[in-house]
Structures are given as C-alpha cells and as structure tokens.
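Copied from Swiss-Prot, the annotated features are:
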| type | residues | note |
| --- | --- | --- |
| COMPBIAS | 71-80 | compositional bias 'Basic and acidic residues' |
| CARBOHYD | Asn20 | N-linked glycosylation site |
| LIPID | Cys50 | S-palmitoyl cysteine |
| REGION | 59-85 | region 'Disordered' |
| SITE | Trp41 | site 'Seems to be involved in pH gating' |
| TOPO_DOM | 1-22 | topological domain 'Virion surface' |
| TOPO_DOM | 44-97 | topological domain 'Intravirion' |
Amino acid sequence: MSLLTEVETPIRNEWGCRCNDSSDPLVVAASIIGILHLILWILDRLFFKCIYRLFKHGLKRGPSTEGVPESMREEYRKEQQSAVDADDSHFVNIELE
C-alpha cells in the first residue's frame, strides 16, 4: 500500500482530501505557515544574490580598531578587500593539453 492511497483517495472521480474539519486551529496554523514559507522561498530565489551579498559583506564588521595605528588599519582593510575580491572570482580558467 503506497502512501498516496493512504493520504488521498479518489472521491467521485476527483482527488480530494478527507479533512472534514478544516476549521481546526492546527490546520489553519499549518496552512498559514505553509503559505508564508512558500512566499519566503519565492522571495529568496528572486533576490538571493542581493540577500546573501548583504549578509556576506554588509553585516560583517571587523574587529574593533580602537587604539590601532592608522597604518595598521589601512593594511587590514587592504587584506580584507583582497580576500573579498578573490572570493568574488568564481570562475577558474583551466587549460588542458
């Protein structure tokens, strides 16, 4: 017996659910959560580059530079920027002989 036949059964030539009590608070809550999950998933797929770039670069804060000389701060910024630049290059050229 498959899971499909246990959950959904043909009713008068149509596929339907045998949930007669759809006003149950648990069913309503599950429906709302399911709809919200679908909306968030669609938004994530549409804007994933913007969202993850924001989290990756925008929300990261380096260690406190209080009391650190300006030359060391500049060196740290250059290191961080070079790491970001290296991270953005996703493609590698490989030549085969």
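Positions of Cβ are set from backbone N, Cα and C atoms, glycine also.
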| note | Ordered by sequence, the long-range same-chain Cβ contacts of Trp41 (site 'Seems to be involved in pH gating') under 8 Å (at least 6 apart) are none
| task | Report the DSSP secondary-structure composition of the compositional bias 'Basic and acidic residues' (71-80) as helix, strand and coil residue counts. | result | 10 helix, 0 strand, 0 coil
